[in-house]
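These notes concern the structure reproduced below.
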Amino acid sequence: MTALKNDRFLRALLKQPVDVTPVWMMRQAGRYLPEYRASRASAGDFMSLCKNPQFACEVTLQPLDRYPLDAAILFSDILTIPDAMGLGLYFETGEGPRFKKTVSTLADIEALPIPDAQKDLGYVMDAVSTIRRELNGRVPLIGFAGSPWTLATYMVEGGSSKDFRKSKAMLYDNPQAMHLLLDKLAQSVTAYLNGQILAGAQAVQIFDSWGGSLSSAAYQEFSLAYMRKIVNGLIREHDGRKVPVIVFTKGGGLWLESIADIGADTLGLDWTCDIGEARQRVGSKVSLQGNMDPTVLYARPEAIRQEVARILASYGSGTGHVFNLGHGITPEVDPANAGAFINAIHELSAQYHQ
C-alpha cells in the first residue's frame, strides 16, 4: 500500500509525538455539505449511497477535499449488520432508520444468522478498498461499527427510541435472550471490523451511541463486556503498522476507568466530560478523542476558536489527543464554521507539541 503522507492521527492514537493535534469529525461526510446532498440526490436514497462503493468513496472524500482533516472515515451506517442478518433496513423520511422485522423472543434471536463479512457485507469491504486506493496515502482511513448494545436496541425497538423500553424490558425480563443477541452481535462486529481492516482500514471505532442510557451495572454487563470481547478479537497489526481501536460510549463519562481497561487504544469522549479531568482519570493507559459540543459550531467563528483553545488547554501538553466533536456534526451547520473549527485546532495546538 502507498506510504502515508500524513500519519499524525495514527501517531496521536498511539501516543507518539505529533507536530499539531490531529482532527476529524464524526459524520464529517454528511448533510451539512452541499456536495453530499448532491451525491445523495444522484444516488436516490441513503442506502444506495452506502451500498454503491463508488458513491461511498465519493462522499467519504468530500470533506477532505474541502478541509485539511487528518483522517477519513468510511461512509456507511452502523445498521448494515442487522440489515445483513435479514431485518430489512429502510429509512423513513424524517423518521430515521426502521426495520421491517424486529426481534422480541429467544426463538427470533436463535434464528438470526451471523453475517459473513465478505459475502453479506462485501459492498462495505469494496468501499473500504476503493477509498484506500483513492486516498493514495493522503490520510488514514477509519473503519467502524456499532456496539452490540446499540445495534440490539434498534433490532428490538424496530428503529430509534427515546426510552429503549422494549430493549430494557428484554434485558431485565429475559437476560438469556439479550445475552444471546449481544453475543451474536459481538461475533458479527468482530468479523465485520476485521474484514474492514483486511480491506484497508487503518484504525477502527466502535460507536456505543446508547450505552449511556443504561444503569452502571447494566452498562458493565450488557455493553462494556461485549465491547471487550470485540476488542480482544480484532486484528491489531496489518500492513506492518498497528491498527488502533477507538471505543466511544456517548454518555459514558461515569465509566471512563472501566472503558480504559478493555484493551482499546483510545477512549472517545462526549462533550459532558472535561478532557483534562479525563486525562488524569485514565492516566497513560489510553489516548483520548474529543470532545467539543457539536452545537458550538452554530456559534460565531471567534466563539468556536475560544472553545477549541479551552479544550486544548484543558488537555495540556503532549500527544495522545485526537480532536473531535463530542458527537456527530449536525445537518444545519454552516460548512464555513466547520472549517474555522478545523483551522483553529491546527493553529492553536502547535504550542502544546514543542
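Sequential numbering from 1, following the chain as shown.
Backbone N, Cα and C define each Cβ position, glycine as well.
Here's what Swiss-Prot has on this protein:
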- ARG27, GLN28, ALA29, GLY30, ARG31, ASP77, TYR154, SER209, HIS327: substrate binding site (BINDING)
- ASP77: site 'Transition state stabilizer' (SITE)
Return the residues near ALA29 (substrate binding site) by Cβ distance under 8 Å, restricted to its own chain and a separation of at least 6 in sequence.
TYR36, VAL59, THR60, GLN62, PRO63, ILE73, PHE75
Inter-residue Cα distance where the pair is ASP77 (site 'Transition state stabilizer') and TYR154 (substrate binding site), in Å:
13
Would you mind reading off the Cα separation of ASP77 (site 'Transition state stabilizer') from HIS327 (substrate binding site), to the nearest angstrom?
15
How many other Cβ atoms are found within 10 Å of the Cβ atom of ARG31 (substrate binding site), counting all protein chains shown?
15
What are the sequence-distant neighbours of ARG27 (substrate binding site), meaning same chain, six or more residues apart, C-beta distance under 8 angstroms?
GLY328, ILE329
